[in-house]
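Enquirer: Pasting a structure below so you can have a look.
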Amino acid sequence: MADKKKLLRSLAGEAMDVPPVWLMRQAGRYLPEYRATRAQAGDFLSLCYNPELAAEVTLQPIRRFDFDASILFADILLIPQALGANLWFVTGEGPRLSTITDASGMARMKTADDIHETLNPIYETVKILAQELPKETTLIGFAGAPWTVATYMIAGRGTPDQAPAHKLREGDPETFDKLMDLITAATIEYLDMQVQAGAEVVKLFDSWAGSLKGEAFDKYALAPAKRIISELKSRHPDLPIIAFPREAGEKYIGFANAVGADCLAIDTSVDAIWAAENLQTDGCVQGNLDPKLMVTGGEALASEARRIRDALKGGPHIFNLGHGITPDADPENVHILLDAIRS
């Protein structure tokens with residue numbers, strides 16, 4: 001396995017004293033070069049849909065930090081836009097979408113096969129990255145999981161408790177299930193095209209999985225992930241897949257096996273020693289440093305990074321954060337992190 005890229009070795013089940021490292025949102029506003037390129041693009045969505053500039057911001061943290069993986073620069077809400085939803089971003093507030101709250105909203109949506117015209121620039125970005133990344137760097141594609149994407153499509157924005165989505169799920173299950181099926185089908189096609197374009201790994205982000213409890217979690221977080229992963233694996237048998245059902249709590253146990261994922265990403269609420277005992281037995285674990293420490297820096301950052309590394313080095317581990325790096329993080333703290341992990 002020594003000839004494989006380091007991240008792929010972890011995904012294949014190899015334990016290492018020094019794990020591969022990448023960070024969620026590693027291409028982002030904490031980097032001055034990102035801010036300059038985003039200004040050049042004009043706005044966030046224009047950056048996402050410009051293959052040359054999107055590839056540039058994806059490559060920036062690789063040049064600066066030599067991470068073991070590079071994740072495509074895009075957004076989980078490009079699928080709703082490709083399906084026919086209006087999408088725009090409000091400065092300082094985040095995304096806004098036209099809402100789907102009933103059957104008439106669903107009737108306006110395109111089919112899963114109609115998304116590629118909108119999303120072709122994303123596939124072009126992947127093709128550029130597959131050519132330009134260093135040979136030792138793994139290219140990760142991604143999409144939002146159906147439940148998380150649905151919460152935005154129903155509410156028209158991010159919501160702290162996902163109440164509008166829960167209301168539709170309980171009050172009009174027929175419309176809700178149709179929406180979930182459509183997003184699931186579109187996600188399969190989107191990720192399939194990313195892999196065809198050159199993505200070596202894909203990750204499924206279910207940022208709001210933790211708001212689903214009991215049977216609802218199994219139906220709307222676990223089952224769609226299983227369907228997506230099963231279909232992708234049928235088309236690409238050797239494709240490694242990372243699943244991130246954020247804040248799943250005890251539902252993390254057995255999740256990777258249940259959905260067929262090669263790696264389970266965990267949030268900051270999970271203790272690394274507990275993860276080693278309860279999750280790493282199923283395969284690779286990714287995580288899970290608190291992003292706040294990327295702002296704090298210093299020995300607090302270095303010692304916690306070493307603690308997580310050492311707790312999980314008995315099995316396959318990809319070092320990452322428990323959530324995305326924040327705009328107020330100091331880029332110099334990334335060097336502190338990498339020195340701590342790699343020393």
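Positions of Cβ are set from backbone N, Cα and C atoms, glycine also.
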Enquirer: Of the candidates HIS317, HIS323, which one does Swiss-Prot list alongside ARG25, GLN26, ALA27, GLY28, ARG29, ASP75, TYR152, SER207 as binding substrate?
Expert: HIS323
Enquirer: For HIS323 (substrate binding site), what is the tally of other C-beta atoms lying within 10 angstroms of its C-beta?
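Expert: HIS323 (substrate binding site) is surrounded by 20 other Cβ atoms within 10 Å.
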Enquirer: I need the most crowded of these binding-site residues: ARG25, ARG29, TYR152. Count other C-beta atoms within 10 angstroms of each C-beta and give me the top one.
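Expert: Within the set of binding-site residues, the most crowded position is TYR152.
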